[in-house]
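Data block below; observations after.
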Amino acid sequence: MTKRLSDLFNRPFATDPVIAGVTADSRKVTTGWLFAALPGTKVDGRDFAEGAVAKGAAAILAPEGGLEGLGVPVVRSEDARRAYALAAAAFWGKQPAMCVAVTGTNGKTSVAGFCRQIFTKLGHKAASMGTLGVVVSQPGQPDQQLTPPGLTTPDAGDVAEMIARLADMGVTHLALEASSHGVDQRRIDGVKLSAAGFTNFTQDHLDYHGSMEAYRAAKLRLFDTLTPAGAMAVLNADSEAFPDFAAAAVTSGQSVFSVGEEGQGLRLLSRTPTPAGQDLVVEAEGVVHHLKLPLAGAFQASNVLVAAGLCIAAGEDSAKVLKALETLEGAAGRLQRVGRGPKGGEAYVDYAHTPDGLQTVLEALRPHTAGKLIAVFGAGGDRDRGKRPLMGAIGAKLADIAIVTDDNPRSEDPASIRAAILEAAPGAREIGDRRAAIRAAVALMSEGDVLVVAGKGHEQGQIVAGVVHPFDDVAETLQALEGVDA
């Protein structure tokens with residue numbers, strides 16, 4: 001497949017070469033490709049422009065200024081990242097008919113997966129794209145994992161290529177996670193959205209964004225820039241940030257579909273925890289629906305309502321959407337039930353790695369806990385240090401037993417990270433070795449207790465001093481449950 005340079009940027013060029021591919025990775029460049037020379041956080045793509053031309057690049061996309069005398073057309077843009085996303089979308093040229101995106105500090109992965117499951121239940125071939133990779137579902141077939149878990153939002157060129165591939169596979173409905181990094185870096189600017197959703201907004205990623213204001217602006221960009229006028233914004237009305245997101249949506253010409261206890265589109269009238277999940281009573285379009293949701297936690301009730309709202313915004317019947325909620329399965333590592341303890345009790349694994357995430361999961365499990373609530377958690381190295389004491393305080397306050405352990409210390413001293421957490425966690429236990437911490441927690445379990453191992457979720461490694469050691473919280477917890485007396 002080839003396109004002219006003018007086709008990618010929708011404007012004429014004095015020299016209009018044939019373009020055979022689009023990338024921002026100079027290692028992928030081959031004859032006839034457009035290389036996007038983008039400045040990054042670690043390397044500057046402009047430093048690789050000359051090498052890209054030597055490898056056969058037919059044109060270069062770059063920010064304003066510099067890069068003279070390369071011998072190929074240089075397309076300059078005040079917003080080169082956005083231009084790259086739009087050029088990649090123009091090159092690949094296809095996408096599923098119905099694309100929805102969801103942003104928020106927590107819940108994106110679950111909402112995207114729930115949307116995929118609902119769309120499939122209603123007869124569509126659907127996909128989700130995000131932290132858990134790209135998953136394709138169709139009625140009567142096992143799920144297909146196209147790409148492994150990784151970044152929430154891949155590079156804009158990879159997004160465009162994958163979305164075109166999904167369209168070629170017959171996928172008609174796609175749900176995307178829109179991380180603040182991905183939105184800020186213009187990775188999904190080329191996707192034509194039918195609707196966008198918002199879950200919640202709390203402290204995270206300040207190491208990247210620098211301030212809560214910049215972090216909020218990145219999230220808001222999904223609505224004030226990327227979602228077109230006339231589309232629907234599905235917003236969690238129970239979030240303190242709801243007014244900001246509603247204002248951005250209305251200003252951009254979108255209609256607001258609010259969900260939650262304060263919602264107008266889908267109103268949660270009641271929620272009752274049960275051993276198997278929770279019973280929900282939801283009002284939609286004046287009709288009251290009684291649902292048995294097979295998922296634990298108030299936050300999951302919130303997530304499923306955002307997902308249901310996005311599916312309704314995509315044109316599905318509200319009654320059928322709500323009925324489909326009764327068949328949902330939680331995302332891997334998202335309040336995932338692992339099994340029962342040898343002396344009773346239930347063990348869960350969750351991705352919670354922020355103060356709000358940890359608080360949400362502990363508060364979610366408390367109503368399901370007749371005995372002790374046991375939490376195993378830590379905090380990542382080389383990341384926002386301010387959240388460490390916050391997580392310690394939350395763990396000590398909301399769990400009956402808090403065990404502080406290592407969670408990707410990276411280049412930092414693991415003991416110093418644990419110390420920062422423990423300083424705000426009176427009574428917490430310290431077990432640095434994560435495997436030993438999980439086994440100690442399982443040994444404490446008895447009938448009526450609930451254990452949650454928080455931090456990694458679906459991740460498959462423990463990062464220590466630059467080395468990724470294989471580690472799977474679900475597998476480790478399962479082994480501890482099965483072999484604690486061995």
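Cβ from N, Cα, C; glycine included.
Around Gly107 (ATP binding site), the C-beta neighbours below 8 angstroms that are at least 6 residues distant in the chain are Thr199, Asn200, Phe299, Ser302, Asn303, Val306. Under the DSSP three-state reduction, Gly107 (ATP binding site) is assigned to coil, being neither helix nor strand. Per Swiss-Prot, ATP binding site is recorded for Gly104, Thr105, Asn106, Gly107, Lys108, Thr109, Ser110.
Per Swiss-Prot, the feature meso-2,6-diaminopimelate binding site maps to Arg383, Asp407, Asn408, Pro409, Arg410, Gly455, Glu459; the stated evidence is sequence analysis. Under DSSP, Pro409 (meso-2,6-diaminopimelate binding site) is assigned to coil, being neither helix nor strand in the three-state scheme.
Secondary structure at Lys219 (N6-carboxylysine), taken from DSSP and collapsed to helix, strand or coil, is helix. For Lys219 (N6-carboxylysine), the same-chain residues 6+ apart in sequence whose C-beta sits under 8 angstroms from its C-beta are Thr103, Gly104, Ser180, Val183, Phe198, Phe201, Phe245. Summarising the annotation, Swiss-Prot assigns N6-carboxylysine to Lys219.
Annotation source Swiss-Prot lists motif 'Meso-diaminopimelate recognition motif' at 407-410. Per-residue pLDDT, averaged along the motif 'Meso-diaminopimelate recognition motif' (407-410), amounts to 96 for this model.
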Within 10 A of the CB of Asn408 (meso-2,6-diaminopimelate binding site), the number of other CB atoms across every chain shown is 24
Quick one: Cα separation, Asp407 (meso-2,6-diaminopimelate binding site) versus Asn106 (ATP binding site), in Å?
18
Should anything in the same chain at least six residues away from the motif 'Meso-diaminopimelate recognition motif' (407-410) have a Cβ under 8 Å from its Cβ atoms, list it; otherwise answer none.
353, 377-383, 417, 434, 455-456, 462-466
Other than Gly104, Thr105, Asn106, Gly107, Lys108, Thr109, Ser110, which residues of the chain come within 8 Å of the ATP site, judged by Cβ distance to the Cβ centroid of those residues?
Val102, Val111, Glu177, Thr199, Asn200, Asn303
Round to the nearest Å and give the CA-to-CA distance linking Thr109 (ATP binding site) with Glu459 (meso-2,6-diaminopimelate binding site).
13
Top Cα neighbour of Ser110 (ATP binding site) in the set of binding-site residues Arg383, Asn408, Pro409, Glu459
Glu459
C-alpha spacing of Lys108 (ATP binding site) relative to Arg383 (meso-2,6-diaminopimelate binding site), in angstrom
20
Test of understanding: give the count of other CB atoms lying within 10 angstroms of the CB of Gly104 (ATP binding site).
27
